[in-house]
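Visitor: After the structure tokens below, expect a handful of questions from me.
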Amino acid sequence: MINVTQTFLPPIAEYVKQIQRAWDNQWLTNRGELVLELEEKLKKYLDIPNIIITNNGTVPLQIALKLLGGQGEIITTPFSYVATTASIVWENCIPVFVDIHPEYLTIDETKIEAAITSKTTAILATHVFGNPCHIEAIAAIAKKHSLKVIYDAAHAFGVKYKSQSLFTAGDVSTCSFHATKLFHTGEGGAMFTNDIKLHDQLFYSHNFGHNGPLDFHGLGINGKISELQGAMGLAVFEHLETIMEVRKAAVDFYDRELDFSRLDKMKIREHTTWNYSYYPVVFESEAVLLQAQKALNDDHIFPRRYFYPSLNRIPYAKGTAMPISESIASRILCLPLSASITETDLRRITTVLNANI
Ligand SMILES: *Cc1c(COP(=O)(O)O)cnc(C)c1O
């Protein structure tokens, strides 16, 4: 069976070596040695000024919205994972959808201003499949209308835009280290900001608001990650180069072998160093997608309809029609891509796919 993704598991001896340290320290959570070491390693690897590692990639979205959303209207993309929209509603804010660009698949920055009202407080956009939003245009709009910018950068691990980590964009960026993501800690995530004051607020918000054991800065939640997950992160970290190499080779194979006379692919934004995180293909119609999916499934190959559905269609989001996002969501399939995919797998996938489109 070939699945859409395969969690990267480091050799178990390497994991045991890391986790032994938690036993030696008799310390399992509350930002122990392993998590602190992982933060330092990630800061260097990603070339970013600071990072707060969290228990997943959704809580940092909620924390950012709690601090910056003010229960107002949040301009957001309908083409993302459900966590993006759900966090907005969960934080008592109102999602206001803006349709996406048909090729970049990120929020269409030219349509943002028309959606701004006196209740708008922030923009929450997703770097879809690691493809950057138009961060300069969005920054200019935010400045003009005094809005905050939050990026769901769950897919953007290692992506650089104009030679800078994409995590440095916006007021806050968040990432996910879920087992299905490029870099993972089993469950985990992170948040980033360049603003030192905001960094402090994010930090205490993810630790119950604590200011020392007896005092509190303000409201907080538990967004901490454990040493057990830190151990996984440290073990996976050592393999990042290989993970990227295998993924790049797989992406190159798809690029070479797939029949693009009958398929579209995402256009990567100019000046981007991409991370090979996903391989989405867009079919001519949903009917062709379903036919191709069936043929692949019959051969025990399981791509994923991702993202589906378009989030404006989720009842609690109360969205209006988003023609481009809905059209793309009905026609897009993410092909298998992982650090363990082989050339034989890739040959099988491209052969079956090309014969069924
Ligand atoms: C994975 C993902 C999340 C949620 O991350 P978790 O770590 O699973 O909570 C949020 N947004 C996007 C775009 C994602 O892909």
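Residue numbers in this text run from 1 along the chain shown.
Cβ coordinates come from backbone N, Cα and C, glycine included.
Just so you know, TrEMBL annotations are computer predictions that nobody has curated.
Below are the features listed in TrEMBL for this protein:
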type: ACT_SITE; residues: Lys181; note: active site, proton acceptor
type: MOD_RES; residues: Lys181; note: N6-(pyridoxal phosphate)lysine
Visitor: Tell me which residues of the chain lie with their Cβ under 8 angstroms from that of Lys181 (active site, proton acceptor), as long as they are six or more apart in sequence?
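Guide: The list for Lys181 (active site, proton acceptor) reads Gly57, Ala154, His155, Phe157, Ser277, given in order along the sequence.
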Visitor: Should Lys181 (active site, proton acceptor) be counted as helix, strand, or coil on the basis of DSSP?
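Guide: DSSP assigns Lys181 (active site, proton acceptor) to coil.
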